[in-house]
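Report on the following structure.
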(Lines of atoms letter the chains of each structure in order from A and count residues from 1; the text may use other names and numbers.)
(Lines give C-alpha, C1' and ligand atoms only; values in the text may rest on other atoms or scores of the structure.)
Protein backbone atom coordinates (compact mmCIF):
# COMPACT_ATOMS: atom_id res chain seq x y z
CA UNK A 1 0.00 0.00 0.00
CA UNK A 2 1.06 3.55 -0.64
CA UNK A 3 -0.07 6.61 1.27
CA UNK A 4 -2.47 9.07 -0.28
CA UNK A 5 -2.78 12.62 1.04
CA UNK A 6 -5.29 15.38 0.87
CA UNK A 7 -3.93 18.61 -0.56
CA UNK A 8 -3.90 20.13 2.93
CA UNK A 9 -1.94 17.15 4.28
CA UNK A 10 0.48 17.49 1.38
CA UNK A 11 1.16 21.11 2.24
CA UNK A 12 1.76 20.10 5.86
CA UNK A 13 4.25 17.47 4.68
CA UNK A 14 6.05 20.09 2.60
CA UNK A 15 6.26 22.41 5.61
CA UNK A 16 7.42 19.59 7.92
CA UNK A 17 10.18 18.64 5.47
CA UNK A 18 11.47 22.19 5.27
CA UNK A 19 11.36 22.49 9.06
CA UNK A 20 13.17 19.19 9.60
CA UNK A 21 16.14 20.20 7.47
CA UNK A 22 15.92 23.97 7.82
CA UNK A 23 15.39 24.23 4.07
CA UNK A 24 14.61 27.33 2.09
CA UNK A 25 11.53 26.68 -0.12
CA UNK A 26 13.72 27.16 -3.18
CA UNK A 27 15.95 24.24 -2.19
CA UNK A 28 13.02 21.83 -1.79
CA UNK A 29 11.66 23.07 -5.13
CA UNK A 30 15.03 22.28 -6.68
CA UNK A 31 14.87 18.67 -5.51
CA UNK A 32 11.22 18.20 -6.52
CA UNK A 33 11.65 19.77 -9.95
CA UNK A 34 14.72 17.64 -10.70
CA UNK A 35 12.80 14.46 -9.80
CA UNK A 36 9.89 15.65 -11.96
CA UNK A 37 12.15 16.37 -14.91
CA UNK A 38 13.93 13.02 -14.59
CA UNK A 39 10.56 11.24 -14.72
CA UNK A 40 9.41 13.25 -17.73
CA UNK A 41 12.75 12.69 -19.45
CA UNK A 42 12.31 8.93 -19.03
CA UNK A 43 8.82 9.18 -20.50
CA UNK A 44 10.20 11.09 -23.49
CA UNK A 45 12.88 8.44 -24.02
CA UNK A 46 10.22 5.71 -24.01
CA UNK A 47 7.96 7.54 -26.50
CA UNK A 48 8.98 6.89 -30.10
CA UNK A 49 7.14 9.99 -31.31
CA UNK A 50 8.74 12.35 -28.78
CA UNK A 51 12.15 10.68 -28.91
CA UNK A 52 12.26 11.11 -32.68
CA UNK A 53 12.30 14.90 -32.26
CA UNK A 54 15.54 14.69 -30.32
CA UNK A 55 16.77 17.88 -28.67
CA UNK A 56 14.51 19.92 -30.98
CA UNK A 57 11.53 18.87 -28.87
CA UNK A 58 9.51 22.01 -28.08
CA UNK A 59 8.43 22.47 -24.45
CA UNK A 60 6.18 25.28 -23.22
CA UNK A 61 5.54 25.92 -19.52
CA UNK A 62 2.27 27.64 -18.61
CA UNK A 63 2.90 29.03 -15.14
CA UNK A 64 0.69 30.52 -12.48
CA UNK A 65 1.96 32.80 -9.75
CA UNK A 66 2.61 30.14 -7.12
CA UNK A 67 5.19 27.46 -6.47
CA UNK A 68 3.56 25.04 -8.91
CA UNK A 69 4.49 27.55 -11.60
CA UNK A 70 7.96 27.69 -10.07
CA UNK A 71 8.26 23.91 -10.43
CA UNK A 72 7.40 24.19 -14.13
CA UNK A 73 10.00 26.92 -14.65
CA UNK A 74 12.64 24.87 -12.82
CA UNK A 75 11.84 21.87 -15.03
CA UNK A 76 12.59 24.00 -18.09
CA UNK A 77 15.99 24.82 -16.60
CA UNK A 78 16.71 21.12 -16.08
CA UNK A 79 15.61 20.50 -19.67
CA UNK A 80 18.07 23.18 -20.80
CA UNK A 81 20.83 21.47 -18.83
CA UNK A 82 19.94 18.21 -20.60
CA UNK A 83 20.50 19.84 -23.98
CA UNK A 84 16.98 20.83 -25.01
CA UNK A 85 16.95 24.27 -26.58
CA UNK A 86 13.41 24.87 -27.83
CA UNK A 87 12.00 26.05 -24.50
CA UNK A 88 9.53 28.80 -23.61
CA UNK A 89 7.33 29.84 -20.71
CA UNK A 90 4.25 32.00 -20.25
CA UNK A 91 4.08 33.28 -16.69
CA UNK A 92 1.36 34.92 -14.67
CA UNK A 93 1.01 38.69 -14.81
CA UNK A 94 0.37 38.64 -11.06
CA UNK A 95 3.22 38.99 -8.54
CA UNK A 96 5.03 35.66 -8.43
CA UNK A 97 5.94 33.75 -5.28
CA UNK A 98 9.57 34.32 -4.25
CA UNK A 99 10.61 30.87 -5.49
CA UNK A 100 8.79 31.24 -8.81
CA UNK A 101 10.29 34.70 -9.29
CA UNK A 102 13.77 33.28 -8.69
CA UNK A 103 13.19 30.48 -11.21
CA UNK A 104 12.05 32.99 -13.80
CA UNK A 105 15.25 34.95 -13.24
CA UNK A 106 17.36 31.83 -13.79
CA UNK A 107 15.64 31.18 -17.12
CA UNK A 108 16.04 34.76 -18.27
CA UNK A 109 19.76 34.52 -17.55
CA UNK A 110 19.88 31.50 -19.86
CA UNK A 111 18.02 33.39 -22.58
CA UNK A 112 14.79 31.38 -22.29
CA UNK A 113 11.74 33.56 -23.11
CA UNK A 114 9.31 34.02 -20.20
CA UNK A 115 6.69 36.60 -21.31
CA UNK A 116 3.80 37.51 -19.06
CA UNK A 117 0.31 36.22 -19.83
CA UNK A 118 -1.23 39.69 -19.95
CA UNK A 119 1.29 41.02 -22.45
CA UNK A 120 0.55 38.41 -25.11
CA UNK A 121 -2.31 38.54 -27.58
CA UNK A 122 -4.63 35.58 -28.05
CA UNK A 123 -3.08 34.76 -31.41
CA UNK A 124 0.42 34.76 -29.92
CA UNK A 125 -0.64 32.42 -27.12
CA UNK A 126 -2.36 30.04 -29.52
CA UNK A 127 0.71 30.04 -31.76
CA UNK A 128 3.06 29.23 -28.88
CA UNK A 129 0.73 26.45 -27.80
CA UNK A 130 0.34 24.95 -31.27
CA UNK A 131 4.09 24.98 -31.89
CA UNK A 132 4.77 22.99 -28.72
CA UNK A 133 5.22 19.25 -28.39
CA UNK A 134 4.80 19.33 -24.61
CA UNK A 135 2.94 21.84 -22.45
CA UNK A 136 3.77 21.83 -18.75
CA UNK A 137 0.71 22.71 -16.68
CA UNK A 138 1.94 24.77 -13.73
CA UNK A 139 -1.04 27.10 -13.39
CA UNK A 140 -2.37 26.03 -9.99
CA UNK A 141 -1.11 23.67 -7.30
CA UNK A 142 -2.44 21.86 -4.27
CA UNK A 143 -3.15 25.11 -2.44
CA UNK A 144 -6.15 26.02 -4.61
CA UNK A 145 -9.36 26.70 -2.70
CA UNK A 146 -12.68 26.47 -4.52
CA UNK A 147 -12.99 27.36 -8.18
CA UNK A 148 -10.18 28.89 -10.23
CA UNK A 149 -10.65 32.63 -10.66
CA UNK A 150 -9.27 35.60 -12.57
CA UNK A 151 -6.20 35.07 -14.67
CA UNK A 152 -5.80 31.45 -13.53
CA UNK A 153 -9.28 30.67 -14.82
CA UNK A 154 -8.43 32.29 -18.16
CA UNK A 155 -5.36 30.07 -18.41
CA UNK A 156 -7.47 26.99 -17.74
CA UNK A 157 -10.03 28.08 -20.31
CA UNK A 158 -7.22 28.69 -22.79
CA UNK A 159 -5.99 25.12 -22.42
CA UNK A 160 -9.47 23.62 -22.46
CA UNK A 161 -10.92 22.64 -19.10
CA UNK A 162 -13.81 20.34 -19.99
CA UNK A 163 -14.18 16.96 -21.64
CA UNK A 164 -14.52 17.41 -25.37
CA UNK A 165 -13.56 21.09 -25.32
CA UNK A 166 -11.02 21.91 -28.02
CA UNK A 167 -7.63 22.98 -26.78
CA UNK A 168 -5.86 26.14 -27.86
CA UNK A 169 -4.32 24.66 -31.00
CA UNK A 170 -6.56 25.28 -34.03
CA UNK A 171 -8.33 22.28 -35.52
CA UNK A 172 -6.03 20.18 -37.66
CA UNK A 173 -2.87 21.54 -36.04
CA UNK A 174 -0.59 19.90 -33.51
CA UNK A 175 -2.16 19.08 -30.15
CA UNK A 176 0.69 19.00 -27.63
CA UNK A 177 1.04 16.53 -24.79
CA UNK A 178 -0.34 18.28 -21.70
CA UNK A 179 1.69 17.32 -18.63
CA UNK A 180 0.35 18.40 -15.25
CA UNK A 181 2.75 18.87 -12.37
CA UNK A 182 1.63 17.10 -9.19
CA UNK A 183 -2.06 17.40 -10.09
CA UNK A 184 -4.09 18.99 -12.91
CA UNK A 185 -4.62 22.69 -12.27
CA UNK A 186 -8.01 23.33 -10.70
CA UNK A 187 -8.14 20.12 -8.67
CA UNK A 188 -8.02 20.48 -4.90
CA UNK A 189 -9.63 19.23 -1.72
CA UNK A 190 -12.84 21.17 -2.41
CA UNK A 191 -13.06 20.32 -6.14
CA UNK A 192 -16.32 18.95 -7.51
CA UNK A 193 -17.09 17.86 -11.05
CA UNK A 194 -18.85 21.13 -11.93
CA UNK A 195 -15.65 23.15 -11.33
CA UNK A 196 -13.02 23.77 -14.02
CA UNK A 197 -9.83 21.74 -14.12
CA UNK A 198 -7.18 20.97 -16.71
CA UNK A 199 -7.64 17.71 -18.59
CA UNK A 200 -4.09 16.37 -18.75
CA UNK A 201 -2.62 13.65 -20.91
CA UNK A 202 0.00 12.87 -18.30
CA UNK A 203 0.21 13.73 -14.61
CA UNK A 204 3.53 13.65 -12.75
CA UNK A 205 2.36 13.12 -9.17
CA UNK A 206 4.75 13.71 -6.31
CA UNK A 207 4.49 10.89 -3.78
CA UNK A 208 2.35 10.60 -1.76
CA UNK A 209 -0.19 11.07 -4.56
CA UNK A 210 -3.06 13.45 -3.84
CA UNK A 211 -6.24 11.48 -3.20
CA UNK A 212 -8.29 13.96 -5.27
CA UNK A 213 -6.48 12.62 -8.36
CA UNK A 214 -8.07 9.23 -7.63
CA UNK A 215 -11.62 10.37 -6.96
CA UNK A 216 -14.00 8.85 -9.54
CA UNK A 217 -14.90 12.14 -11.22
CA UNK A 218 -11.38 13.60 -11.19
CA UNK A 219 -9.42 10.54 -12.31
CA UNK A 220 -10.17 11.10 -16.01
CA UNK A 221 -8.70 14.62 -15.72
CA UNK A 222 -5.30 13.19 -14.88
CA UNK A 223 -4.62 11.05 -17.94
CA UNK A 224 -1.81 8.64 -17.27
CA UNK A 225 -0.50 9.01 -13.73
CA UNK A 226 3.24 8.61 -13.14
CA UNK A 227 4.36 8.78 -9.52
CA UNK A 228 7.52 10.69 -8.61
CA UNK A 229 9.22 9.65 -5.39
CA UNK A 230 12.27 10.50 -3.27
CA UNK A 231 11.27 14.06 -2.51
CA UNK A 232 9.96 13.85 1.06
CA UNK A 233 11.45 11.87 3.98
CA UNK A 234 9.95 8.41 4.36
CA UNK A 235 9.49 8.72 8.11
CA UNK A 236 7.41 11.89 7.65
CA UNK A 237 5.35 10.21 4.92
CA UNK A 238 4.67 7.27 7.25
CA UNK A 239 3.11 9.65 9.78
CA UNK A 240 0.97 11.54 7.27
CA UNK A 241 -2.66 10.96 6.34
CA UNK A 242 -5.00 8.00 6.75
CA UNK A 243 -5.73 7.09 3.12
CA UNK A 244 -4.02 4.30 1.19
CA UNK A 245 -3.66 3.25 -2.43
CA UNK A 246 -4.11 -0.50 -2.80
CA UNK A 247 -1.75 -2.47 -5.02
CA UNK A 248 -2.05 -6.02 -6.30
CA UNK A 249 0.95 -7.10 -4.23
CA UNK A 250 -1.05 -6.26 -1.09
CA UNK A 251 -3.42 -9.18 -1.66
CA UNK A 252 -1.22 -11.84 -0.09
CA UNK A 253 -0.96 -9.97 3.22
CA UNK A 254 -4.74 -9.48 3.31
CA UNK A 255 -5.69 -13.14 2.84
CA UNK A 256 -6.09 -15.44 5.83
CA UNK A 257 -3.70 -18.40 5.59
CA UNK A 258 -5.19 -21.80 4.86
CA UNK A 259 -3.78 -24.65 6.96
CA UNK A 260 -3.23 -28.06 5.36
CA UNK A 261 -5.72 -29.65 7.76
CA UNK A 262 -8.47 -27.09 7.14
CA UNK A 263 -11.93 -28.30 6.19
CA UNK A 264 -15.11 -26.63 5.01
CA UNK A 265 -16.34 -25.24 8.34
CA UNK A 266 -12.92 -23.89 9.27
CA UNK A 267 -12.81 -21.76 6.12
CA UNK A 268 -15.94 -19.80 6.92
CA UNK A 269 -19.70 -20.01 6.44
CA UNK A 270 -21.64 -17.64 4.20
CA UNK A 271 -25.42 -17.30 3.89
CA UNK A 272 -26.51 -15.56 0.70
CA UNK A 273 -29.99 -14.13 0.21
CA UNK A 274 -30.21 -13.26 -3.46
CA UNK A 275 -31.99 -13.75 -6.75
CA UNK A 276 -35.56 -13.50 -7.96
CA UNK A 277 -37.46 -14.60 -11.04
CA UNK A 278 -35.51 -13.20 -13.97
CA UNK A 279 -32.40 -12.62 -11.85
CA UNK A 280 -31.30 -16.13 -10.92
CA UNK A 281 -27.87 -15.43 -12.39
CA UNK A 282 -27.06 -12.91 -9.66
CA UNK A 283 -27.62 -15.53 -6.97
CA UNK A 284 -25.51 -18.13 -8.75
CA UNK A 285 -22.64 -15.71 -9.35
CA UNK A 286 -22.58 -14.62 -5.71
CA UNK A 287 -22.45 -18.20 -4.46
CA UNK A 288 -19.76 -19.20 -6.95
CA UNK A 289 -17.68 -16.14 -6.09
CA UNK A 290 -17.86 -16.93 -2.37
CA UNK A 291 -16.55 -20.40 -3.20
CA UNK A 292 -13.84 -18.83 -5.39
CA UNK A 293 -12.78 -16.78 -2.37
CA UNK A 294 -12.05 -19.99 -0.46
CA UNK A 295 -15.03 -19.99 1.90
CA UNK A 296 -15.94 -23.54 2.84
CA UNK A 297 -19.70 -23.63 3.43
CA UNK A 298 -22.18 -21.64 1.37
CA UNK A 299 -25.94 -21.40 1.91
CA UNK A 300 -28.01 -19.86 -0.86
CA UNK A 301 -31.53 -18.75 0.09
CA UNK A 302 -33.90 -18.04 -2.79
CA UNK A 303 -37.63 -17.50 -3.31
CA UNK A 304 -39.76 -20.63 -3.53
CA UNK A 305 -40.53 -19.87 -7.17
CA UNK A 306 -36.83 -19.82 -7.97
CA UNK A 307 -35.91 -22.89 -5.94
CA UNK A 308 -36.94 -25.54 -8.52
CA UNK A 309 -34.94 -23.78 -11.23
CA UNK A 310 -31.75 -23.83 -9.17
CA UNK A 311 -32.23 -27.16 -7.39
CA UNK A 312 -31.14 -29.06 -10.49
CA UNK A 313 -28.12 -26.86 -11.20
CA UNK A 314 -25.75 -29.35 -9.61
CA UNK A 315 -23.81 -26.65 -7.76
CA UNK A 316 -22.00 -27.41 -4.51
CA UNK A 317 -23.66 -24.82 -2.30
CA UNK A 318 -26.55 -25.59 0.07
CA UNK A 319 -29.76 -24.37 -1.59
CA UNK A 320 -32.66 -23.40 0.67
CA UNK A 321 -36.13 -22.00 -0.21
CA UNK A 322 -37.29 -18.89 1.63
CA UNK A 323 -40.30 -19.52 3.84
CA UNK A 324 -42.78 -17.17 5.45
CA UNK A 325 -40.45 -16.87 8.44
CA UNK A 326 -36.79 -16.25 7.72
CA UNK A 327 -34.64 -19.15 8.89
CA UNK A 328 -31.28 -17.62 9.76
CA UNK A 329 -28.59 -20.29 9.65
CA UNK A 330 -25.56 -20.37 11.90
CA UNK A 331 -23.00 -18.55 9.80
CA UNK A 332 -20.20 -16.01 9.86
CA UNK A 333 -21.39 -13.65 7.13
CA UNK A 334 -24.74 -12.83 5.56
CA UNK A 335 -24.84 -11.31 2.08
CA UNK A 336 -28.18 -9.90 0.94
CA UNK A 337 -29.44 -8.05 -2.10
CA UNK A 338 -28.01 -9.18 -5.46
CA UNK A 339 -30.86 -9.64 -7.93
CA UNK A 340 -33.24 -9.61 -4.96
CA UNK A 341 -36.03 -7.37 -6.13
CA UNK A 342 -37.91 -4.97 -3.88
CA UNK A 343 -41.02 -6.76 -2.67
CA UNK A 344 -42.56 -5.79 0.66
CA UNK A 345 -41.44 -9.02 2.32
CA UNK A 346 -37.83 -8.04 1.73
CA UNK A 347 -38.07 -5.28 4.33
CA UNK A 348 -39.05 -7.61 7.18
CA UNK A 349 -36.45 -10.12 6.05
CA UNK A 350 -33.74 -7.46 6.02
CA UNK A 351 -34.66 -6.50 9.59
CA UNK A 352 -34.28 -10.12 10.65
CA UNK A 353 -30.97 -10.56 8.85
CA UNK A 354 -29.42 -7.56 10.59
CA UNK A 355 -30.57 -8.44 14.09
CA UNK A 356 -27.48 -10.30 15.34
CA UNK A 357 -24.65 -8.11 16.63
CA UNK A 358 -22.02 -10.88 16.41
CA UNK A 359 -22.59 -11.66 12.74
CA UNK A 360 -21.32 -9.65 9.76
CA UNK A 361 -23.80 -8.33 7.20
CA UNK A 362 -23.05 -7.21 3.64
CA UNK A 363 -25.75 -5.36 1.70
CA UNK A 364 -25.53 -5.13 -2.07
CA UNK A 365 -27.73 -3.99 -4.96
CA UNK A 366 -31.46 -4.20 -4.10
CA UNK A 367 -30.78 -4.38 -0.35
CA UNK A 368 -28.97 -1.04 -0.62
CA UNK A 369 -31.91 0.44 -2.51
CA UNK A 370 -34.28 -0.79 0.21
CA UNK A 371 -32.16 0.88 2.87
CA UNK A 372 -32.09 4.12 0.86
CA UNK A 373 -35.87 4.08 0.38
CA UNK A 374 -36.58 3.04 3.97
CA UNK A 375 -34.04 4.97 6.11
CA UNK A 376 -35.76 3.69 9.25
CA UNK A 377 -34.32 0.26 8.52
CA UNK A 378 -30.96 1.49 9.75
CA UNK A 379 -32.12 1.42 13.36
CA UNK A 380 -32.96 -2.29 13.13
CA UNK A 381 -29.52 -3.33 11.87
CA UNK A 382 -27.37 -4.35 14.82
CA UNK A 383 -24.84 -6.35 12.83
CA UNK A 384 -21.54 -4.82 11.78
CA UNK A 385 -22.52 -3.91 8.23
CA UNK A 386 -20.90 -3.11 4.89
CA UNK A 387 -22.48 -1.58 1.80
CA UNK A 388 -21.23 -2.12 -1.77
CA UNK A 389 -23.01 0.53 -3.88
CA UNK A 390 -22.36 1.30 -7.54
CA UNK A 391 -22.58 5.00 -8.52
CA UNK A 392 -26.38 4.98 -8.91
CA UNK A 393 -26.95 3.30 -5.55
CA UNK A 394 -24.42 5.64 -3.96
CA UNK A 395 -26.47 8.63 -5.12
CA UNK A 396 -29.61 7.08 -3.61
CA UNK A 397 -27.84 6.66 -0.27
CA UNK A 398 -26.71 10.29 -0.33
CA UNK A 399 -30.27 11.45 -0.96
CA UNK A 400 -31.49 9.62 2.13
CA UNK A 401 -28.56 9.98 4.50
CA UNK A 402 -26.60 12.94 3.11
CA UNK A 403 -24.39 14.81 2.57
CA UNK A 404 -25.38 16.54 -0.69
CA UNK A 405 -24.09 14.87 -3.85
CA UNK A 406 -22.34 18.14 -4.75
CA UNK A 407 -19.84 17.68 -1.90
CA UNK A 408 -16.31 16.49 -2.82
CA UNK A 409 -16.28 12.69 -3.03
CA UNK A 410 -13.74 12.25 -0.24
CA UNK A 411 -15.99 14.23 2.09
CA UNK A 412 -19.24 12.56 1.04
CA UNK A 413 -18.03 8.98 1.48
CA UNK A 414 -16.51 9.78 4.85
CA UNK A 415 -19.67 11.50 6.05
CA UNK A 416 -21.89 8.69 4.72
CA UNK A 417 -19.89 5.95 6.44
CA UNK A 418 -19.91 7.91 9.69
CA UNK A 419 -23.64 8.69 9.53
CA UNK A 420 -24.56 5.06 8.89
CA UNK A 421 -21.78 3.62 11.06
CA UNK A 422 -21.11 1.17 8.23
CA UNK A 423 -18.25 0.36 5.93
CA UNK A 424 -18.88 1.75 2.43
CA UNK A 425 -17.27 0.12 -0.61
CA UNK A 426 -18.14 2.52 -3.44
CA UNK A 427 -17.37 0.59 -6.62
CA UNK A 428 -16.77 2.10 -10.05
CA UNK A 429 -13.79 2.56 -12.38
CA UNK A 430 -12.10 3.75 -9.18
CA UNK A 431 -13.23 2.00 -5.98
CA UNK A 432 -13.10 3.63 -2.55
CA UNK A 433 -13.44 1.82 0.76
CA UNK A 434 -14.30 3.95 3.77
CA UNK A 435 -14.16 2.23 7.13
CA UNK A 436 -14.00 4.31 10.28
CA UNK A 437 -11.28 6.93 9.95
CA UNK A 438 -9.31 5.00 7.32
CA UNK A 439 -9.94 4.81 3.60
CA UNK A 440 -8.51 2.68 0.84
CA UNK A 441 -8.53 3.31 -2.91
CA UNK A 442 -8.22 0.84 -5.79
CA UNK A 443 -7.31 2.41 -9.12
CA UNK A 444 -9.27 0.03 -11.32
CA UNK A 445 -9.54 1.71 -14.72
CA UNK A 446 -10.52 -1.62 -16.29
CA UNK A 447 -13.57 -1.05 -18.51
CA UNK A 448 -13.79 -4.76 -19.28
CA UNK A 449 -15.08 -5.24 -15.72
CA UNK A 450 -18.16 -3.22 -16.62
CA UNK A 451 -20.17 -6.33 -17.47
CA UNK A 452 -23.45 -7.71 -16.12
CA UNK A 453 -22.79 -9.74 -12.99
CA UNK A 454 -19.44 -8.15 -12.18
CA UNK A 455 -20.84 -6.53 -9.04
CA UNK A 456 -22.40 -9.84 -7.94
CA UNK A 457 -18.98 -11.46 -8.20
CA UNK A 458 -17.40 -8.70 -6.10
CA UNK A 459 -20.08 -9.07 -3.42
CA UNK A 460 -19.59 -12.84 -3.26
CA UNK A 461 -15.82 -12.47 -3.06
CA UNK A 462 -16.16 -9.97 -0.23
CA UNK A 463 -18.47 -12.29 1.72
CA UNK A 464 -16.26 -15.33 1.18
CA UNK A 465 -13.03 -13.57 2.13
CA UNK A 466 -14.64 -12.06 5.22
CA UNK A 467 -15.97 -15.47 6.29
CA UNK A 468 -12.44 -16.84 6.06
CA UNK A 469 -11.17 -14.10 8.36
CA UNK A 470 -13.93 -14.61 10.90
CA UNK A 471 -13.43 -18.38 10.91
CA UNK A 472 -9.71 -17.89 11.43
CA UNK A 473 -10.34 -15.48 14.32
CA UNK A 474 -12.79 -17.94 15.82
CA UNK A 475 -10.17 -20.67 15.74
CA UNK A 476 -7.29 -18.56 17.05
CA UNK A 477 -9.39 -16.95 19.77
CA UNK A 478 -10.99 -20.24 20.84
CA UNK A 479 -14.34 -18.48 20.97
CA UNK A 480 -17.19 -17.83 18.57
CA UNK A 481 -17.42 -14.21 19.68
CA UNK A 482 -14.86 -11.46 19.37
CA UNK A 483 -14.94 -7.69 19.59
CA UNK A 484 -16.97 -5.59 17.22
CA UNK A 485 -13.86 -3.58 16.41
CA UNK A 486 -12.03 -6.78 15.43
CA UNK A 487 -14.94 -7.70 13.18
CA UNK A 488 -14.97 -4.24 11.60
CA UNK A 489 -11.21 -4.45 11.02
CA UNK A 490 -11.71 -7.83 9.35
CA UNK A 491 -14.37 -6.18 7.16
CA UNK A 492 -11.91 -3.52 6.02
CA UNK A 493 -9.27 -6.10 5.17
CA UNK A 494 -11.72 -8.39 3.36
CA UNK A 495 -13.14 -5.48 1.36
CA UNK A 496 -9.62 -4.49 0.30
CA UNK A 497 -8.78 -8.08 -0.62
CA UNK A 498 -12.00 -8.41 -2.61
CA UNK A 499 -11.46 -5.31 -4.76
CA UNK A 500 -7.84 -6.31 -5.42
CA UNK A 501 -8.77 -9.88 -6.38
CA UNK A 502 -11.71 -8.70 -8.48
CA UNK A 503 -9.67 -5.99 -10.20
CA UNK A 504 -6.57 -8.12 -10.64
CA UNK A 505 -8.56 -10.99 -12.13
CA UNK A 506 -10.28 -8.56 -14.49
CA UNK A 507 -6.96 -7.17 -15.69
CA UNK A 508 -5.61 -10.66 -16.32
CA UNK A 509 -8.67 -11.66 -18.32
CA UNK A 510 -8.64 -8.43 -20.32
CA UNK A 511 -4.99 -8.98 -21.16
CA UNK A 512 -5.40 -12.61 -22.18
CA UNK A 513 -8.94 -12.82 -23.57
CA UNK A 514 -10.20 -9.31 -24.23
CA UNK A 515 -13.85 -8.94 -23.31
CA UNK A 516 -15.24 -11.53 -20.91
CA UNK A 517 -18.39 -12.45 -18.98
CA UNK A 518 -18.99 -12.75 -15.24
CA UNK A 519 -18.61 -16.54 -15.19
CA UNK A 520 -15.10 -16.22 -16.61
CA UNK A 521 -14.41 -13.57 -13.99
CA UNK A 522 -15.33 -15.98 -11.18
CA UNK A 523 -12.88 -18.54 -12.55
CA UNK A 524 -10.13 -15.93 -12.84
CA UNK A 525 -10.75 -14.77 -9.26
CA UNK A 526 -10.53 -18.37 -8.04
CA UNK A 527 -7.22 -18.84 -9.84
CA UNK A 528 -5.79 -15.62 -8.43
CA UNK A 529 -6.85 -16.25 -4.82
CA UNK A 530 -5.93 -19.93 -4.87
CA UNK A 531 -2.60 -19.16 -6.49
CA UNK A 532 -1.68 -17.03 -3.48
CA UNK A 533 -3.17 -19.53 -1.01
CA UNK A 534 -1.02 -22.27 -2.54
CA UNK A 535 2.31 -20.46 -2.31
CA UNK A 536 4.95 -21.93 -0.08
CA UNK A 537 4.66 -20.29 3.31
CA UNK A 538 1.03 -19.24 2.80
CA UNK A 539 -0.29 -22.41 4.44
CA UNK A 540 -0.05 -22.26 8.21
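One-based numbering along the chain as shown.
Even glycines carry a Cβ here, placed using N, Cα and C.
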Given that TrEMBL annotates 282, 390, 456 as (6S)-NADPHX-binding, name the residue from 337, 339, 506 that shares the site. 339
The AMP site in TrEMBL lists 427, 428, 429, 430, 431. Which one of 414, 453, 455 belongs there according to the record? 455
Where residue 431 (AMP binding site) and residue 390 ((6S)-NADPHX binding site) are concerned, what is their Cα separation in Å, rounded? 9
Suppose the (6S)-NADPHX site is 282, 339, 390, 456. Which further residues of the same chain have a Cβ inside 8 angstroms of that site's Cβ centroid? 274, 279, 285, 286, 337, 338, 364, 365, 453, 455, 459
Within the same chain, the residues at least 6 apart in sequence whose Cβ is under 8 angstroms from that of residue 282 ((6S)-NADPHX binding site) are 274, 275, 338, 339, 340, 365, 453, 456
What is the separation, in Å, between the Cα atoms of residue 427 (AMP binding site) and residue 390 ((6S)-NADPHX binding site)? 5
Spatial separation of residue 390 ((6S)-NADPHX binding site) from residue 430 (AMP binding site) - C-alpha basis, Å: 11
